[in-house]
Every structure is written in structure tokens, then in C-alpha cells.
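Below is one structure, written out as C-alpha cells; comments come after it.
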Amino acid sequence: MLAWRVARGAWGPLRVALRPPGARLGRGGSRRALLPPAACCLGCLAERWRLRPAAFALRLPGAGPRTHCSGAGKAAPEPAAGGGGAAAQAPSARWVPASAASSYENPWTIPNLLSMTRIGLAPVLGYLILEEDFNVALGVFALAGLTDLLDGFIARNWANQKSALGSALDPLADKVLISILYISLTYADLIPVPLTYMIISRDVMLIAAVFYVRYRTLPTPRTLAKYFNPCYATARLKPTFISKVNTAVQLILVAASLAAPVFNYADSIYLQILWCCTAFTTAASAYSYYHYGRKTVQVIKGK
């Protein structure tokens, strides 16, 4: 009998500590009120039961001020049924707003990995050209072109593979690849210096514009961690039609210049005509970005 009274005396504080928000203790509804609610993670379970440090000296993983589960769309916890007033509502400061959670995206998509592969192949191609190993360079360049075709095809046909990071990473990979190729081919006397200077100048200005757009579209406070976080999407870039044509013409010139020493047509008039076409599309592409300006940038809402 003494042990039973001690057990009943210890159960009282535990019932208060484990009481869900808004539940009333009584003979009829005490057992139903103490049934644990359906929780999707330990963080949600700790939040709903309101475990008090005075009763339990423990901290469940995920019970901190982070998002529970995915965190998307949970601006405030739902009050328990039967409760009223401010006592039945949990503080909303522990939840991440839906607008902030929706700005995060998965950067590890297949198109993004293909774009990073293309960036990694660029110095390999430059080394092969400097060593005048044009046969192997043609094969590596074909592989880089295949990654360019695949990442665009996958991003267009699978919605979960499209990302704001990819809209900037794909043209950045093209510019890194083209810049290294043109510098290497100019060193090998296969492309004239003025054409390479025009292409590099345009790409440097576009890359600087991308960094500026990234800075302007970040919500305050702007931090370096947020600026260089690839998961935090703020804007999508939309290339112009003439820019796509220009990229294709530049890559055609690279392929023709790589094949020129192999098939002995380095002094062909057709190659020189291709130089002029590339210069024209490069200048037209630079003007299109200057003319359309903000139309090429789509700011993601909710920032």
C-alpha cells in the first residue's frame, strides 16, 4: 500500500509534464488526453508533448529551433483541439516561415553534376591543346559537348531536375569551357587574338553581371554564407535566343579549329569565314543582354 501511494505521488508531476496543449485532466478524458499524438519526427513529438526540463533532463534530437521534417509550409503549429486562449498555442518563433523554406532547393541534380563535369574537363582540354595532342582533344571535346546536350535535355523533360542554380551553372560551364579553349587555341595559332579577346571580354562582363544579380536579389541581411550557399535560390537566368546561337557558333568554331591540324585545313577560307561569323554573333549576343536587361533575370518570389 505504501509503494502504491508513492507511485501515485510520482505520477502526478509526470502527468502535468506530459500533458498535451489544451488537454484537461479528468476521470473521463484523462486517458484519451494522454494518448500521444501522431508525430512525424522527434522534433514534432517534443514540440507537441512540451517536455519540460524540470521533469525530464533530456533533449530529443531535432527539438531545437530548426524546421521539423521538411519544414515547408509550417508557419505556426496547429493548436490542439479543445484548448483555448494563448495557453493552447505554441510559440511560432520555433518554426521557419514557408517563404524562407521554399527558397531552398536541392543543388545535387543530374544537370548540375553534368555542368560541373564540363567545368572539370576544361583544363584537361587546355592541357591537351598546349601539348598539341589534337586527336585526344577532339575526343574529350566531344564528351564535353555530350554533357552539354544531356543536361539541357534532362532539365527540360524532368521538372524535379530543373533548378535556379542550374540556370546559372550551365552557361557558366559553357563560358569556362569556351574561354579556356579559345585561349589555348590562340596560343596554338589556330584562332586570331582579337576574336579571343572579344569573347573573353564578353564572358567576363556576363559573369560579373551574374554576381551582381545574385547580390541584389539576396534578402537582407546579406551574408557571405548565404551568398555562396548553392541551396539558396534567388533568381533564374533566361538566356536570349541570339546568345544560344552564339554559343553554338563558338563551339562549332572550336571543333573546326581542333580538327584543322588533324585534317590539314588550317589555312582554309571557310575557317576564316567562321571567324567572322563568330565575331558577329558574339557582338550581337552582348548587345542583346544590354538591350533586354532585366527581362533575362527572373527573380524568385517570396524572397
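Just so you know, glycine gets a Cβ as well, placed from its N, Cα and C.
Among the features that Swiss-Prot reports, region 'Disordered' is placed at 69-88. According to Swiss-Prot, the compositional bias 'Low complexity' annotation covers 71-80. Taken from Swiss-Prot, the feature transmembrane segment covers 110-130, 134-154, 191-213, 251-271, 272-290, and the record attributes it to sequence analysis.
Same-chain residues lying 6 or more positions outside the transmembrane segment (251-271) and placing a CB less than 8 Å from one of its CB atoms are 129, 132, 134-135, 137-138, 141, 145, 148, 178, 181-182, 185, 190-191, 278. Ranked by number of Cβ pairs under 8 Å to the transmembrane segment (272-290), the listed stretches 110-130, 134-154, 191-213 are led by 191-213.
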